[in-house]
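S.K.: Annotations per Swiss-Prot:
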BINDING   GLY34, TRP130, ASN183, ARG374  L-aspartate binding site
MOD_RES   LYS246  N6-(pyridoxal phosphate)lysine
Amino acid sequence: MFENITAAPADPILGLADLFRADDRPGKINLGIGVYKDETGKTPVLTSVKKAEQYLLENETTKNYLGIDGIPEFARCTQELLFGKGSALINDKRARTAQTPGGTGALRIAADFLAKNTPVKRVWVSNPSWPNHKSVFNAAGLEVREYAYYDAENHTLDFEALQASLSEAQAGDVVLFHGCCHNPTGIDPTLEQWQVLAELSVEKGWLPLFDFAYQGFARGLEEDAEGLRAFAALHKELIVASSYSKNFGLYNERVGACTLVAADAETVDRAFSQMKSAIRANYSNPPAHGASIVATILSNDALRAIWEQELTDMRQRIQRMRQLFVNTLQEKGANRDFSFIIKQNGMFSFSGLTKDQVLRLREEFGVYAVASGRVNVAGMTPDNMAPLCEAIVAVL
């Protein structure tokens, strides 16, 4: 039965990590997978996380199963981070949150819930977007359509083309937005543009689905939620898939959340019971450790202050690397202007490198980037910057 199965193609991002591990060149540089690295090239465990783990180690009393939707305190903290403390939406009990295995788990639960319980058939995703979006929605039986996003010539958001392509989206379609730090371009709508999209979305009858994986990495925790909150102020219904992989550095703990918002408490409770049913048929209930860390930090003022400072430090380091990257490319004689990279948000930069140039970087210089030209700025350090920029200039 199994002998006729053909091999699946390598994942465009995780497959790159396998190639990187197998490369024995000493100066190799990994700008592929989206993990934060410090000045020494390590992905550290945050001090706030270590302290929370110490607390849990000493105070945890059981390893019993969690409920289907996870830790209640985690859900409460998640909603406050997304919608703001004292938000009317929270006070009116219009939101319910399920703890999920990472942001990917949240997206899949949202997709399964929609496919089974609503007339939704189509999900609109930006072009370009995170490659796994299409796989997740297709796996749940939903059709994926693309809307225009990026102006490659000017390295900006093509807002007119975005609106024009979304004019084809019908009432009852899901439109996926990146909450901030758009992956892979690093280009986000302005607050005014978010406002326009929120109004358009209500007018057209779309269901907004926010993929929110980088809160705190663009401008700050509150600022990065402005787009989502503009939608939440106008929409009766929306879904948020959020992740704590990046902003808490909890990549391998798989900590995510799927938050459902409806018109009133009774409706959201009824709908959420079906979301829990989708979870039960998938992984039954989530693991406790990562979400316990998040809930411990967010509900303790001292730990939260440490975490917020660490998040600020990570964000500022990435911004410094953007500036250094642009300056070093110029110093090394790059024959094109890369200053647009400074304006992008989050870990990634859409470099404008072609697939062939990316391949040459890997084969000739041991520099690993995604075929789309997306590079992880958080993988750059003062030590690897010169050889990296020399390699890029050589393939331009």
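Backbone N, Cα and C atoms are what each Cβ position is placed from, and that goes for glycine too.
Let's see these features in context: how buried, what's close, how far.
M.R.: Within 10 Å of the Cβ of TRP130 (L-aspartate binding site) there are 25 other Cβ atoms, across all protein chains.
For LYS246 (N6-(pyridoxal phosphate)lysine), the number of other Cβ atoms no farther than 10 Å from its own Cβ, over all displayed protein chains, is 23. A coil conformation is recorded for LYS246 (N6-(pyridoxal phosphate)lysine) in the three-state DSSP classification, outside any helix or strand.
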S.K.: Out of GLY34, ARG374, give me whichever of these binding-site residues has the highest number of other Cβ atoms within 10 Å.
M.R.: ARG374
S.K.: Rounded to the nearest angstrom, how far is the Cα of LYS246 (N6-(pyridoxal phosphate)lysine) from the Cα of ASN183 (L-aspartate binding site)?
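M.R.: Given the Cα positions, ASN183 (L-aspartate binding site) is 13 Å from LYS246 (N6-(pyridoxal phosphate)lysine).
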S.K.: Among the binding-site residues GLY34, TRP130, ARG374, report those whose Cα falls within 10 Å of that of LYS246 (N6-(pyridoxal phosphate)lysine); none is a fine answer.
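M.R.: Passing the 10 Å Cα cut: GLY34.
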S.K.: With a radius of 8 angstroms around the mean position of the C-beta atoms of GLY34, TRP130, ASN183, ARG374, what other residues of the same chain does the L-aspartate site pick up?
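M.R.: Checked against the 8 Å cutoff, the neighbours are ILE13, PRO184, MET347, PHE348, VAL370.
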